[in-house]
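Novice: Heads up, here are the entries from TrEMBL:
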| type | residues | note |
| --- | --- | --- |
| TRANSMEM | A:20-39 | transmembrane segment |
| TRANSMEM | A:48-66 | transmembrane segment |
| TRANSMEM | A:72-90 | transmembrane segment |
| TRANSMEM | A:102-120 | transmembrane segment |
| TRANSMEM | A:140-163 | transmembrane segment |
| TRANSMEM | A:175-195 | transmembrane segment |
| TRANSMEM | A:201-220 | transmembrane segment |
| TRANSMEM | A:227-245 | transmembrane segment |
| TRANSMEM | A:251-271 | transmembrane segment |
Amino acid sequence: MILEPLWAPFFEFAFMRRALFGGAALAASAAPLGVFLILRRMSMMGDAIAHGILPGVAIGFMLAGFSLPAMTAGGLLAGLGMAGLATWITGRTGLREDASLAALYPISLAGGVLLLGLAGRRLDLMHILFGSALAVDEHTLQAMLLVATVSLVLLAAIFRLLMFGSLDPLFLRGVSRFGPMAYGLFLGLVVINLVVGFQAIGALMVIGLMMLPAAAARFWSLNLPRILCLASAIAAVSVWLGLLFSYYAGLATGPCIVLVAGGFYLLSVVFGRVHGLLSRSYPLYSILRT
Amino acid sequence: MICSRNLEWGPCSRPLTPPLNLALSAGTVTAVLGANGSGKSSLLKVLAGLIRPLAGELKIAAAQLGATAYLQQHQALDRQYPINLQHLVDAGQWRSRLSRTERRERLHAVLVRWQLIGLESRPLSALSGGELQRALLARIDLQDPRLLLLDEPESAMDESGQQLFWNQVKRWQNEGRTVLVVCHNHIAVCRHVEQALWISAECCQFGSPAQLLAGRISTLQAA
């Protein structure tokens, strides 16, 4: 079969299967979160949280060795701390949010890399930053599947609150008390998705898997549920193709996955039905596509 | 419906007007008049519970969630947001406990009332300013509020849209709802509203719009 190379590595190796299932599930839950980050104009916040996770992971490793729960807990605390700190600085000073985030994430990236260096050579920095399919063992897979399922269920439950919280916050305040709670839960989901993704996809790359499919999906529809589903699908396919690419080329997993997602994004920029370049220059194109 | 004693409001402990004593009964329509920057919008926000007053007492008989509807001055909505008009309007039934069929019927009735039939599936980016404003008013209509705080609701509307708006205000009043409307169109205010509140840094006056505006003109001429 000519298509066999698309499946063969996953039949052959258990670690590739685990990376595929875990990665695709996590991609499907992370991408809709990315859509809401974009709609809230908080794309930078995701970036900052992703970088903020690093020092937490490093401290978790220093305290407890290579233990997934310790590193995840460290990343979770550091990521939430990062989101809180950025919000606090913006609220208390005149600095705009994007500037305070841009100031914070180089600090935590540099701090994280130094801490990982201090932690010794037992931890491969490249694997933490850029991911490795080999890192997905049985426990990691379970964690990824659990986080993905819980995220999707919670996201469905707070969907309307998130939607109107980003579109029209004053209206939401007038009809519901749960707006701030939904926002906090949403930030928590972003952090935990990024934390759980760092092993397979890499701490620096997992944010790409969250944002790129989300940005790509916005080019294809004006219907939010459809955008969310499409973002999930693009992200999951990116994980699958990226894993294959990294397997055959012998390259780091994270960048391969993110580059595939980047490819989808660039295609959407050109061919996207809603805001794409072709639909802008040739109105007929968007009519043909509808 | 609204009772305030020595109410003061404004940015950073700098009250915009002398203390306001106000008593509005349910089922009244009141225009809030005054120059730019005199504190009309801030007053509406205080009444809506969005910002705290600086001093004084404020009692509102529609304090529970959903009983007060507030319409912002400038449509701050992101026009690129992936939502269509029907879903935007339908959010007015957020707290509704009606069945699905009844909700659909209410939505349809409101869309007819605000002349939005045919625009249901339009995304926000394809709506004109007046159409979006009618949609936001239709959403407030669906909310079934007892107190409506409307900040320059008809400024983006054409002649027929304004006529439609004032007709609906009349209906709201007949249904026993209380309406406060900030409006710079003094001719429309004199024609459609019976009482008004004039706000300025020197004084807060309450009376009929024609009286207040006539008094205003004479003080301007005297100056």
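Placement of Cβ uses the backbone N, Cα and C atoms for every residue, glycine included.
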Novice: Which residues of the same chain, at least 6 past either end of the transmembrane segment (A:140-163), have a Cβ under 8 Å from a Cβ in it?
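Specialist: Counting only partners 6 or more residues beyond its ends, the transmembrane segment (A:140-163) has Cβ contacts under 8 Å with 18, 21-23, 25-26, 28-30, 32-33, 36, 68, 72, 172, 176, 178-179, 182-183, 185-186, 189, 192-193, 196-197, 199-200, 224.
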Novice: Report, as numbers and ranges, every residue of the chain located at least six residues beyond the transmembrane segment (A:48-66) whose Cβ falls under 8 Å of a Cβ in that stretch; write 'none' if there are none.
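Specialist: Sequence-remote neighbours of the transmembrane segment (A:48-66) are 72-79, 81-83, 86, 101-102, 104-106, 108-109, 111-113, 115-116, 118-119, 122-123, 128, 187, 190-191, 194-195, 198, 203-204, 206-207.
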Novice: Could you tell me what the rest of the chain brings near the transmembrane segment (A:201-220), counting residues at least six beyond its ends with Cβ under 8 Å?
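Specialist: Sequence-distant neighbours of the transmembrane segment (A:201-220): 23, 26-27, 30-35, 37-38, 43, 46-47, 49-51, 53-54, 57, 112, 127-132, 190, 193-194, 226-228, 230-232, 234-235, 238-239, 252-255, 257-258, 261-262, 264-265, 267-269, 271-276.
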Novice: What residues in the same chain, six or more past the boundaries of the transmembrane segment (A:102-120), come closer than 8 Å to it by Cβ-Cβ distance?
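Specialist: For the transmembrane segment (A:102-120), the sequence-distant neighbours (Cβ-Cβ under 8 Å, at least 6 residues beyond its ends) are 44, 47-48, 51-59, 61-62, 78, 82, 85-86, 89, 95, 128-129, 203.
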Novice: Within the same chain, where does the transmembrane segment (A:72-90) have neighbours whose Cβ lies under 8 angstroms from its own Cβ atoms, ignoring anything closer than 6 residues to its ends? I mean 6 or more beyond.
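Specialist: Residues 45, 48-61, 63, 96-97, 100-101, 104-105, 108, 143, 187-188, 190-192, 194-196, 198 contact the transmembrane segment (A:72-90) from elsewhere in the chain.
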